[in-house]
Amino acid sequence: MSKETKKPFRQSMAEWRQFIYNPNSGEFLGRTAKSWGLILLFYLVFYGFLAALFTFTMWVMLQTLSSDIPKYRDRISSPGLMISPKPDTALEFYFNRSDSQSYSEYVTTLQNFLESYNDSKQSQNIECTSGKIFDQSEAAVKKACRFNLSELGQCSGKEDANFGYSKGTPCVLVKMNRVIGLKPEGEPHIQCTPKEEGMVNINYFPPNGAMDLKYFPYYGKSLHAHYLQPLVAVQLAITPNGTKEEIAIECKILGSPNLKNQDERDKFLGRIAFKVLMSE
Amino acid sequence: MKRELELDDHKLDVKELEVKYSTSVTKGLSEAEAAQRLLRDGPNELRPPRGTPGCVRFGRQLAGGLQCLMWVAAAICLIAYGVQEGEGDRGSSDNLYLAVALIAVVVVTGCFGYYQEFKSTNIIASFRNLVPQQATVIRAGQVLQVNAAELVLGDLVEIKGGDRVPADIRILAAQGCKVDNSSLTGESEPQTRSPECTHESHLETRNIAFFSTMCLEGTATGLVISTGDRTVIGRIASLASGVGEEKTPIAVEIEHFVDIIAGLAVLFGGTFFTVALVIGYPFLRALVFFMAIVVAYVPEGLLATVTVCLSLTAKRLARRNCVVKNLEAVETLGSTSVICSDKTGTLTQNRMTVAHLWFDGQVHTADTTEDQSGQSFDQSSESWTLLSQVITLCNRAQFKPGQENVPVAQRDVIGDASESALLKFAEVTSGPVAAARGRFPKVAELPFNSTNKFQVRTGEGQVDTGGTGELRWDRWAQVGQVSSLMSPMMSPMSPMTSLMSPMSPTLSPLSPGFCARWLPPGTDTPPEDLAEVAQGLCFAGLVSLIDPPRATVPQAVRKCRTAGIRVRDMGTLGTSGTLGGVGGLGTLGGVPRCAQVCYLCRQARARVVTGSELAAMAPGTLEELLRTHPEMVFARTSPQQKLVIVESCQRLGSIVAVTGDGVNDSPALKKADIGVAMGIAGSDAAKNAADMILLDDNFASIVTGVEQGRLIFDNLKKSIAYTLTKNIPELAPYLIYITASVPLPLGCITILFIELCTDIFPSVSLAYERAESDIMHLRPRDPRRDRLVNEPLAAYSYFQIGVIQSFAGFVDYFVAMAQEGWWPGLVLGLRPRWEDEHEQELQDSYGQQWTFWQRRYQQYTCYTVFFISIEMCQIADVLIRKTRRLSLFQQGPFRNRTLVVAIVFQVCIGCFLCYCPGMPNVFNFMPIRFQWWLVPMPFGLLILVYDEIRKLGVRRHPGSE
């Protein structure tokens, strides 16, 4: 039961114009310049205060954080696996063993990746006792353990600069994500299984795909600057059956109860799947 | 039904009618016969038109403006999901969940809306039943009041001015009866009704009165010739369907508000969409942003809150005997700045009592005690005999049958207040009234109305007048209730008035004078000419009646005054007793003299204006008077003058509430911004015109109504402010997400949970908030400036509290990120890499490497942290919204139990969402660390302190924002 009558269009237009700028009172959008100024000033002060408060809180919070070790590692209790080389699109390797162009990208990536593992780069790194967690929590300066490229055998790039791609035995390096303070239990090792049998034979370097415990734990990039992740090279000796076929391979970390590899959602937690298609 | 109704009852004479309907035109039907016919024909009421089918109404609930927006959003989500699925990306079914959640939201709110509509329709229907139409019917010779729905064919009914005709009636006898047929024929002129058949057509003839038309004045007796759906009006199907439910203005305003919000949402969404496209997002992703912003912006739970607020208040009012016809009326009452009250029955007890009598040049005091037994005045005078005869006979009131054993003072009477008082007085002083009336049967009658202000009855028979021997009066006329001492209509009696008034300070202006004269035998006067008969009468005496003000009235009027509401009495008969309360003059000791009151009133800025003064006023004078006199009493005003008063008040910019009971009040009731009718004394016309009905006829209830109206407005405002505030902290994450390229701090599903789950209860609980103690000390709101959602409210919610909340959320977000290894410096600009699904070894600030899903769970942690921040701040928000002016501590932080429970509930839901297993993968909530609950608390405290400072400012400098 509305008791108001509707205004004609012309009048409401005039009222709008009046609202936007009222020449009589000098009001712009219903306020005078002074009023607008005061409002702007108020919000300037108000937001300035809030921004200062925000900055101060952030600063205080950052003061409480150590720059060496993160406060919590709730979301990364277990590391993910990754491979190198890593094709840009989904993890699928397509190459022709007789066409060096088709795999040069993979080779370059591997070479670049392994550069940091060169002996010259590892001069400061020490030899550690294998098979044992290398706990340095007491030490002020954390040492990094040497990872000898020779452990990668045929995949080290020393013997075969093409990492086996030209021979039909392409190498893929499997590495585990760095997680600060992670101490794997048991004897972690990488095991890769092709989806279908008979298409590929898999060799591991180091043998059994073992990941030595001496490379753990990691102490963070500021304390542990020269740290190098242990690598496991997976050599895929593709049989004539497997040529021209897409071979699906899944690698998992096994042998360690505290490294998960079965997460339903996270397909990279302790495992990785990739495909290889080699033509001749 | 389509066939034109054929009716010939108007052509039949009384005998034929008696035969046709097998009834008696003197005694009516027997109860048994009536019951039988009722069973046969069904109740006398219009069958309500078949409403819109439930599924259509439900469908409408699902297809509102907001809902359409949500459907679009859901569709976008589904498409996005479909496309992702088509690309073989099996990882993220977020979009599917979101679509399902959105659809669920629409359906659930639809169900809720449907249920509320269903309930409010029922409430309105039950209100209708609360005030059923009554009909005066003669059955087996007895006059009864029955529910109009129980009338049957052949019933003999009586109607009088102010009644709604209870069925189609063939008039058998009428005295000055006029009806308003405008609802049926469109004629606005009142139509005379009389027993003669004047036209061939039953629609045109004078001797049929139609169901649901209004009897304006006079009386009539008639025979029911059709009932319910068989009546003329019942056959006009279109009229019946007009009874459909109407949208209340507050609902319209709220819908309008929602439209604006939806418009803003689309505007913002569109802007973000375009920006996202320009920045280089894929189309689908930009669409999902658009949808997220729409979801963040639209206050999904608002409509539910409003409906709950309104129906809660309506229920609360009904408990205090105020029945609201439409819910928005409550709100209007809250903004009322002037109450124009008809005195009778509202301000007073509506229990007229004879206080004084004047005859033989002397004032006699009557007994006004409860039982009226000890009449002590001299009853031997001849004048007294004559006076008592007139009082007895010239009186249309009668006792309801079957009360012979009830003390006279407590018997129920059919008739108006003054006449009932006289009837009881006569019964006590001069014996059974019925017997006296039997001796002098009524020949013709002109009932009292506000135009002629007197009543004439011609009777026939013998009368004994004590002392002077036997006189035989074949015919005599009486004039009773010449109500006015100041009315120009009183001119024939003015000598008497001038003689009497100076010497009778005890006589109130409400003093019916009684006169009588002999008529020559065999004089037959048609009712129209009765006024002519009332000339040259012999004056018998005056009777003063008082109607004591209700005990609650002075306090209620005082309350109104502190609330900035002016009370104007515009009674037909202004009593000074009432005025004493109204004008704040205190009681002047019984019944003061009118002149004295006027004098005092002038001193007290109050003023009495009589109807005649009003009539003589130049246009504009009244406005001037209203402006200068905060309190005013209008005495003896006509319906037109009441209308003028109301209009003048409205021209001055006031929101006017009018209270009234009589048919003469109905124009003013209709004109008023809110009409309040009396439930007991009110006529059907008044109840129809009114928006609200006071079931106990008590003025104090209006004050309660005002308080409730202000409360509902305040609480709605609080609730809306609360609901709006969180839009900013919901929107800000997207703004920062797009502009600063941080990982998304708040997800769509999380927003939906805030909107529809955790925040609903606190926002509804604000409807239970008690009035701020000063609610009745404030001026009424200005409806043009103080809108439900106005600029200061929006600015305060959005740009101040909302921004503080956003800061709280971001602080918590950055804390959660930094403590998990992602420092703010790294987080800025991280988004493209963060969201890259092929990136499984993204390095954080400490050199750790994260897989995509580890990052995703971290993102969910951020959602949860942001969610908790908003919740914590919203707790502070709901606490500050409890009051608009008072300090939280003046109001008592924990006195609204519902609100406390709601807060506890909100926290419990928060905990449940965070810590219930399985939540991460279903609703994207993660278990978060305890200290992240604490991070936003200083901001909550800041909100509390900031708002306390604002309220302090508002209290120190009233009127400022």
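Placement of Cβ uses the backbone N, Cα and C atoms for every residue, glycine included.
The following features are taken from TrEMBL:
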type	residues	note
DOMAIN	B:8-82	domain 'Cation-transporting P-type ATPase N-terminal'
TRANSMEM	B:66-84	transmembrane segment
TRANSMEM	B:96-115	transmembrane segment
TRANSMEM	B:257-281	transmembrane segment
TRANSMEM	B:287-310	transmembrane segment
TRANSMEM	B:734-754	transmembrane segment
TRANSMEM	B:857-879	transmembrane segment
TRANSMEM	B:899-918	transmembrane segment
TRANSMEM	B:930-946	transmembrane segment
Same-chain Cβ contacts of the transmembrane segment (B:66-84) under 8 Å, 6 or more residues past its ends? 92-93, 95-96, 98-99, 102-103, 105-106, 109-110, 258, 262, 265-266, 284-285, 287-288, 290-291, 294-295, 298, 300, 303
Most CB pairs under 8 Å with the transmembrane segment (B:96-115): which of B:734-754, B:899-918, B:930-946? B:734-754
Is it possible to list how many residues within the domain 'Cation-transporting P-type ATPase N-terminal' (B:8-82) are helical, extended or coil according to DSSP? 48 helix, 1 strand, 26 coil
Stretch winning on C-beta pairs under 8 A with the transmembrane segment (B:899-918) (pool: B:257-281, B:734-754, B:857-879, B:930-946) is B:857-879
Contact set of the transmembrane segment (B:857-879) with the rest of its chain, CB cutoff 8 A exclusive, min separation 6+ beyond the ends, reads 722, 725-726, 729-730, 733, 743-747, 750, 753-754, 758-759, 762-763, 765-766, 801, 804-805, 808-809, 811-813, 815-817, 820, 822, 834, 850, 888, 893, 899, 902-903, 906-907, 910, 913-914, 920, 924-928, 932-933, 935-937, 939-941, 943-944
Using a Cβ cut-off under 8 Å, which residues of the same chain at least 6 positions beyond either end of the transmembrane segment (B:930-946) come close to it? 800-801, 804-805, 807-809, 811-812, 815-816, 865, 868-869, 872-873, 875-877, 879-880, 888
Residue numbers, six or more beyond the limits of the transmembrane segment (B:734-754), whose CB comes under 8 Å of its CB atoms: 94, 97-98, 101-102, 105, 272, 275-276, 279, 289, 291-293, 295-296, 300, 726, 809-810, 813, 817, 827-832, 834-835, 855, 858-860, 862-864, 866-867, 870-871, 874, 913, 923-925
Across the domain 'Cation-transporting P-type ATPase N-terminal' (B:8-82), what does the pLDDT come to on average, as a whole number? 79
